[in-house]
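Just below is one structure, and these are the notes that go with it.
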Amino acid sequence: MGTSCYVAEEIMENALHARDRVGVQDFVLLEDYRNEKSFIENLKKRFKENLIYTYIGSVLVSVNPYKDLGIYQKEYVDQYRNVNFYELPPHVFAIADTAYRFMREECRDQCILISGESGAGKTEASKKILQYLAAASYHATQVEHVKDKLLTSNPVLEAFGNAKTNRNDNSSRFGKYMDIEFNFMGAPLGGHILNYLLEKSRVVHQNPGERNFHIFYQLVMGADDNLLQKLFLQREPELYYYMNQGNSTTVYGVDDAAQFQVVKSALSVIDFTEEEEEALFMITASILHVGNIGFSEENGQAIIAQEKSVSSICKLLGCPEDVLKDALTHRTIEARGDTVVSPLNRDQAIYARDALSKAVYERQFKWLVQKLNNSLENKSESGRRTLMGLLDIYGFEIFQNNSFEQFCINYCNEKLQQLFIELTLKLEQEEYRREGIEWETIEYFNNKIICDLIEKQHKGVISVLDEECLRPGDATDVTFLDKLETTVGTHPHFLSYKVADNKTKKSLYREEFRLKHYAGDVTYKVEGFLDKNNDLLYRDLKKAMTKSSNLITKCTFPDCELTSKKRPDTVATQFKKSLSQLMDILMSKEPWYIRCIKPNDNKLSAQFDDTIVGHQVKYLGLMENLRVRRAGFAYRRPYEDFLKRYKCLCPSTWPDYQGNAIDGVEKLVNHLGYKSDDYRMGKTKLFIRLPRTLFETEDAFEQKKHDLATIIQAKFHGYSQKKKFLQMKMAATLIACYCRRYLAKKLLEKRRWAVKVIHRFIKGFITRNEPENEENKHFVQCVKAEYLRRLAQNLPKSVLDKSWAPAPVSCRKASELLQDMHRKWLARKYCKFISAESKAQALSHRLKVLASRQEICLHLFVGRLNVIPVNLYLQTLPHFLLNLWNLGRLTRTLITCFHLLNLPCLPIPYLRTLFGLPWFFRTLFLRGQFFIPSLHGSNSVLDQKVVADDLFKNKKQSYSQSVPKLFVENRL
Ligand SMILES: Nc1ncnc2c1ncn2[C@@H]1O[C@H](COP(=O)(O)OP(=O)(O)OP(=O)(O)O)[C@@H](O)[C@H]1O
């Protein structure tokens, strides 16, 4: 077992290396795994060969290729479906497939966390995962619609939430977490999207080379003339202030007009009505018009320069023009019950205008996400559901000028790093300790200290910022910085001009502070922090919006907002709360990581910048991740679970192991041939070092499943056949039962009939001597037939034999007649054999005595009428005539005999002989004698035949053949 296992291991190892065409496809196999350079070198080698994916255990590292590699088509989906993680080269589909299968098989919620800096390929990766899940998950007509919605939600969200930045032409300007809901069969049922911190400042301001959100350009370029006219827009993006600040209204390779059509059709898929669609475009257009409201200033008071724009806005949003105009140039302040209306100067009016645009756009975006969620909501199925989460959130940002937005984004990344540490590093090490597993502690930087610096109650940056925003008096960005220095100035991860040492001071301005993030130092300009955090929209503008008749604005600016006395949370606090909720969501799921890396800052496909990549490797914590992987165990399972799942792989644990689960697992791993270094037995769990070991076990389990399925199938087949057989047997028994019953019935009938026959026979026997009646008729007939049969067998053989079978009473008369007849026949027969000479002598002698012995002559005549020589006729005529009369009497006797015996008719040969006579004799005879008894009186045809045959079997010859022959001979 050991040797073969070792050989198999070798083969597997070789296969793995063979698959690593370039470098290693899993950093765990990297020789010099502590060296960052060799890590980057491996990435670079693979990138140059278009191998953009590499694993660190189960973490996928992806390098943006900036070109289409043709590795996401259907063939790839099919190739990666249901294939173990390490079987094929690393791919985003492999992560998606593994997470999907874990979710289905273990019924545990999963989440895929995609991180990386802007332009690293997070959104693309999340789209590929969605594409994979849609293609590989359960197919049925009812879920195709859900899949369509999930996929089409993307272009809509991208249109309203993405923009061209200097680092990414399609940069997501919001964080997105999407939950996809699956049923127990793995069919998607719906989804839910959570959005985080939309970069709304982009609505009113874009850096050179950048653009506003895509939807503005798509609408202006893609809407048909009618729609444009309705929206009071012109097909020239440069005409609109909110679109032209970056001097980059078009993006190379992007067709905004075509994209607009995609968005329009996507809106219809996600259940947008025409009115909603129109309302959405009206708001978008109105924001462009708001941007074009210019202000002049007179006596410190702002005056609207572009009245036309205001009227367009009012027509589009359906709000009163005067109310909006007033709101744009005045501010109502309520203090201690008094209401004071003060005019705004130009700057304040511009601020109010931009605040209005940002608020309207942000609320519209939130409404859009809500609408998407309504459309994606699973309304059909309840029951067991599992979730697959997809987090595509902004990566770490370090710019030249970093402001409030970068502060929030980097805070979010600190939180995600915390989660990573919690889930992979800290929990892991704590678990080893708990389980008593020998473990080399890995040193890693726990960024909790930075998270605390930012979010700690009363002592964190956000608390200080909120305090400054909410406190009465003249709070400014500078006072905020002062307060910050006072509160967190001594924190090791905080620096500002005031608290920094002389050397560091040189790299800082007075209005800046620096945070030492886990990914690197970032210097933030405090300018705008308070305003952005306050996110103030003057009450007058809110009021104007509540009067809007646009169905979306009406929803997003409810009247209750005006009456509510509660001050809304600041932006930072809202963000902090939503991040904390997000962490809870992610902590409750099994995480999978995709770490995206941008190879260069120029969006070029063939450029791999070691420094840029090195920086990302560092801040993504990949080296620490690798070290933990190498030192730790890839997989752990409570003994009970492991045994339950794989017990079928070992004869001693299958079908049930009676002892301790730990002993069972020990037997199991020994049977599977695990090497001592491959696993560790903890107190409650089994730890497996390399994923490969687990995958081999899983492969064996899959194989066994087939075997078990075959056994189950055979058993089931046997069971169903047995059931069928029993059914057939039952049917056969039933049929046999019916048959037996039928036969028994038949037998009974037969017996009844037999009883009847016997009864009749006995009755017949008792009354046999009585005249024939209904009761004895049958018996007598039988007796007659029997008598005739007996008689036929015992007839006297010679004239000298005087014996005669004794006849029963019913046949007595017939018997006498027959005996007489038979005696005569014997005599005639005897005469037949007398020679001609003897005959002649006897004849002459006889003729002499003929007259006196008339009786004998008659007998002779009866048998031999036709043998008397012709010359004697004349001499004996008188006697002859007399004898002829006697023949008639004989015939009559015979007929009477037949009649008594119930025989059908005269024997034919006899008749034939009779009819051979000259006509006058015949006539004479027939006149007096002709009588044939009816057939109906006979016993049966058979009886008649037997009787006839027996009686006349010897006569046939004599009557039909011998007699004419003799007659002729004698005549001659
Ligand atoms: N796997 C890939 N294959 C081909 N091109 C890719 C891939 N991933 C990313 N790209 C290219 O890189 C661009 C930027 O990718 P993406 O928008 O996904 O980055 P991001 O990390 O989401 O950025 P941001 O945080 O700004 O949204 C894409 O528009 C695409 O052109």
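Backbone N, Cα and C atoms are what each Cβ position is placed from, and that goes for glycine too.
Cross-referencing 4-26, 579-601, 809-831 with TrEMBL places the feature region 'Actin-binding' at 579-601.
When secondary structure is read from DSSP and collapsed to three states, LYS122 (ATP binding site) falls in the helix class.
Listed in sequence order, the residues ASN64, ASN168, GLY395, CYS596, LYS598 complete the 8 Å Cβ shell around the ATP site centroid, once GLY116, GLU117, SER118, GLY119, ALA120, GLY121, LYS122, THR123 themselves are left out.
In the three-state DSSP assignment, the secondary structure recorded for GLU117 (ATP binding site) is coil. Cβ neighbour count for GLY119 (ATP binding site): 23 (other Cβ atoms within 10 Å of its Cβ, all protein chains included). Annotation for the binding-site residues GLY121, THR123: lowest Cβ count within 10 Å of the residue's own Cβ, THR123.
Of all Cβ atoms in the shown protein chains, 26 besides its own fall within 10 Å of the Cβ of GLY116 (ATP binding site). Most buried of the binding-site residues SER118, LYS122, judged by other Cβ atoms within 10 Å, is LYS122. Annotation for ALA120 (ATP binding site): same-chain Cβ neighbours under 8 Å, separated by at least 6 residues, are SER62, ASN64, GLY395, CYS596, ILE597, LYS598, GLN616.
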